[in-house]
Amino acid sequence: MAPVTDTGIGLLCLCRQGFEPELAGELQFRAGEAGFAGYARTQRNDGYVLFMCDEAAALAPRLRWRELIFARQKLVVLAELPQLDPADRITPMLDVLADAPRFGDLWVEHPDSDAGKPLSGLARAFGNALRPALRKAGKLTDKPNNRLPRLHVVFVDGTHAFVCVADPADSAPWALGIPRLKLLPEAPSRSALKLDEALLTLLMPEEREALAKPGMRAADLGAAPGGWTWVLTRQHMHVLSIDNGPLRQHVLDTGLVEHLRADGFHWHPEQPLDWMVCDMVEQPRRVAERMATWFREGWCRHAIFNLKLPMKKRWDETRLCLDLFQDQAGKPLVVRAKQLYHDREEITVLASPLR
């Protein structure tokens, strides 16, 4: 599609509350790698980072949403409106958009933070008021159209909003960047949502169809009580579940699971597997090294694993662990990592051979 905009004062990225420094560090690093100057504006616990850059529209496609680890959503900021009149918030936004092209959709949002969550009612009501005003001005299609840029209004308080634009092909397809997943009653643990979200977020739809096929063979390292194993069985995979602890009986009853009582950190298969998944609580560098060994030895073709991050210097540790993994894997791999909504102080990594 055509560029979402020729202008922009910066990038607005949403994140998990408390991880603003990590996202700021990542944006600064990746923008520098791409040859763009800029600086991050943020405060801890805001749930967002504003990366100021005079060339934001050109920078945005260089920082692909799927490649950003700590960003739940990535938007190009058209304008910041810090002193809105509660009696008329619409007119300043229409003024800002006077020369803008038509948009295919409108999302009115807020950060997922202590200060942002109370704004959900305002966001919903304001969206209902702004949509007809935009359509009357010829700025919004009657029905959602993903071939056109998407307009975002992000409130950070009742009188302070960012007017932004996103490329639907290079941004999260969910409001606030949060996929709405439901924990089914039969899920052995809430960790099942992490793997569900990883498959949804880290793989494109066509990749999921090609790489997660029924009948594939997988290993789940540190499997108990069976949350990730259960997700794999729902993909109709045959799973070796490695853990000295017990699995839930209904997971075993699927007929697709073999439970091996062993230390998941040291076990390896006799024959190569299609998939390996791992959500073990261990130092991230040790996990990165062990995951690299799996690829170097040819024990799996694809993997999804979690890296538990330390309390300090989490962006530095993330870079170190991912570099360590790729250096030691012994083969070229596509590596994608995200701090998922259902992650906590951790990131989830996908590794797969280059196609």
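Keep in mind that glycine also has a Cβ here, set from the backbone N, Cα and C atoms.
Noted in Swiss-Prot for the protein shown:
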{"type": "BINDING", "residues": "SER191, ALA224, PRO225, GLY226, GLY227, ASP243, ASP263, ASP279", "note": "S-adenosyl-L-methionine binding site"}
{"type": "ACT_SITE", "residues": "LYS308", "note": "active site, proton acceptor"}
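The distance from the Cα of GLY227 (S-adenosyl-L-methionine binding site) to the Cα of LYS308 (active site, proton acceptor) comes to 18 Å. For the recorded site, PRO225 (S-adenosyl-L-methionine binding site), the DSSP three-state label reads coil.
Site extent for S-adenosyl-L-methionine: the farthest pair of Cα atoms among SER191, ALA224, PRO225, GLY226, GLY227, ASP243, ASP263, ASP279 sits 19 Å apart. Rounded to the nearest whole angstrom, the C-alpha distance between ASP263 (S-adenosyl-L-methionine binding site) and LYS308 (active site, proton acceptor) is 18. Neighbours of ASP279 (S-adenosyl-L-methionine binding site), defined as other CB atoms within 10 A of its CB across all chains, total 24. If you measure from the Cα atom of ASP279 (S-adenosyl-L-methionine binding site) to that of LYS308 (active site, proton acceptor), you get 9 Å. Here the candidates are the binding-site residues SER191, ALA224, PRO225, GLY226, ASP243. The one whose C-alpha lies nearest to that of the residue listed as 'active site, proton acceptor' is SER191. Just so you know, of the binding-site residues PRO225, GLY227, the Cβ with the fewest other Cβ atoms around it within 10 Å is the one at PRO225. In the three-state DSSP scheme, LYS308 (active site, proton acceptor) falls into the strand class.
In the three-state DSSP scheme, SER191 (S-adenosyl-L-methionine binding site) is classed as coil. Between the candidate binding-site residues, ASP243, ASP263, the densest Cβ environment within 10 Å is the one around ASP243. Note: SER191 (S-adenosyl-L-methionine binding site) has non-local neighbours GLY227, TRP228, ASP279, i.e. same-chain residues 6+ apart with C-beta under 8 A of its own C-beta. It is ALA224, among the binding-site residues ALA224, GLY226, whose Cβ has the fewest other Cβ atoms within 10 Å in the structure shown.
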